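Q: Here's a structure for you.
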C-alpha cells in the first residue's frame, strides 16, 4: 500500500506538477488513511470500503478535525483512487458519496485598512533584510499572492515597467496580476540588494546566502513584521485575505476579485462578501442615529 501511495505522490509531483505545499498536505492526509488501514488490518487499497472510511472520518471528527480538513482528506482519497483505478490497481472508490460532517465555516481573518497601512508605512531601514521583507509584505498585499506563489516567484515573472507579475497558481494555472505603485517601489529598492548575494537561481526573494527563501522562512519574517508593527500574529494568507476584502469593499466586483485570486469556483470568493457585510454592519452600528437604540432594545 505504501509503495502505491509513493507512486501516486510521484505522479502528483512530476505529472500533475502540484505545488510542494499541496503535495505535502495530501501526503499527510493519505498517511492518516494508511495508518488507519494498518491498525484495522486492511492489507490493500482494494480492501478499504466505504464503511471503514466513514468510521475513520467519524473518529477524526470526534478528535477535533474541522470539516474543511476532512473535506480535504476525502478529496485526497478520491484523487488516490482515481489514480489506482486508472492504473488498474483497484476497481472502486470508497469515498464516493461520502461527505464530511457539516461545520460552521469560519470567516478568514483580515487586517482593516488602517492596520494594513500601519504595517506597510512604518519606517524601513536601508538594509538587506528590511528591504526584502518590505517588498514581500507589499507584494502580498498589493497582488494577493498565495504563499506558494510568492515562494516560487522568479525574476522573469516580474515586469516592473508595466507593473505586472505572472504567477503560477494551483493546478499549474498562470495568471497575470497588477503590482501597485508602492509594491513596485519596494521591489525596485530590493532587487539591487538581491543581486549583491550572487544568487544561485532566479528566485526573486533570497536569503543573505543567495538561496531561494522557502515557505517557512517567509512565514517567520511576516510573523516578525506583525509583532513589530502591529503587536499581533500575522501570516501571509491574512495579507491575501485583506487584499481580497479591501478590493471587494471598494469595487463590489466579485468576478474581478475571483480572477485576481485565481479561484476556480466563485463560491470560494463569496466568503469575502460576508466580510464586507460585517464591515457595513459595523459602520451602520456606529453611524446610524437609530442603531444604538435598536441594539439596546430588548423588547
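Each residue's number is its place along the chain shown, starting with 1.
Glycine is no exception: its Cβ is also placed from the backbone N, Cα and C atoms.
Predicted, not measured: the structure shown is a model, and the values here were computed from it.
In case it's useful when we look at the structure, here is the feature table from Swiss-Prot:
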type	residues	note
DOMAIN	1-85	domain 'Core-binding (CB)'
DOMAIN	106-285	domain 'Tyr recombinase'
ACT_SITE	146	active site
ACT_SITE	170	active site
ACT_SITE	237	active site
ACT_SITE	240	active site
ACT_SITE	263	active site
ACT_SITE	272	active site, O-(3'-phospho-DNA)-tyrosine intermediate
Q: Do you see any of the active-site residues 237, 240, 263, 272 whose C-alpha is within 10 Å of residue 146 (active site), and which ones?
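A: Hits: 237, 240.
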Q: Hey, how far is residue 272 (active site, O-(3'-phospho-DNA)-tyrosine intermediate) from residue 240 (active site), Cα to Cα, in Å?
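A: Cα-Cα distance, residue 272 (active site, O-(3'-phospho-DNA)-tyrosine intermediate) to residue 240 (active site): 11 Å.
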Q: Any idea what DSSP makes of residue 146 (active site), helix, strand or coil?
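A: Coil, per DSSP.
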Q: List only the single closest residue to residue 170 (active site), chosen from the active-site residues 237, 240, 263 by CA-CA distance.
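A: For residue 170 (active site), the closest Cα among 237, 240, 263 is found at 263.
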Q: Kindly report the helix/strand/coil residue split of the domain 'Core-binding (CB)' (1-85) according to DSSP, in that order.
A: 68 helix, 0 strand, 17 coil
Q: So what's the average pLDDT for the domain 'Tyr recombinase' (106-285)?
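A: Its mean pLDDT is 87.
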Q: Within 10 angstroms of the C-beta of residue 146 (active site), what count of other C-beta atoms is obtained when all protein chains are considered?
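A: A count of 20.
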Q: How many other Cβ atoms sit within 10 Å of the Cβ of residue 240 (active site)?
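A: A count of 22.
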Q: 10 Å Cβ neighbour count around residue 272 (active site, O-(3'-phospho-DNA)-tyrosine intermediate)?
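A: Its Cβ shell of radius 10 Å holds 24 other Cβ atoms.
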Q: With an 8 Å cut-off on Cβ-Cβ distance and a minimum sequence separation of at least 6, pull the same-chain contacts of residue 263 (active site), or say none.
A: 269
Q: Using a 10 Å cut-off, grab the number of neighbouring Cβ atoms around the Cβ of residue 170 (active site), all chains included.
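A: There are 15 such Cβ atoms around residue 170 (active site).
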Q: With every protein chain in view, what's the tally of Cβ atoms within 10 Å of the Cβ of residue 237 (active site), excluding that atom itself?
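A: Neighbour count, Cβ to Cβ under the 10 Å cut-off: 16.
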Q: Indicate whether residue 263 (active site) is helix, strand or coil by DSSP.
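A: The residue in question, residue 263 (active site), is coil (DSSP, three-state).
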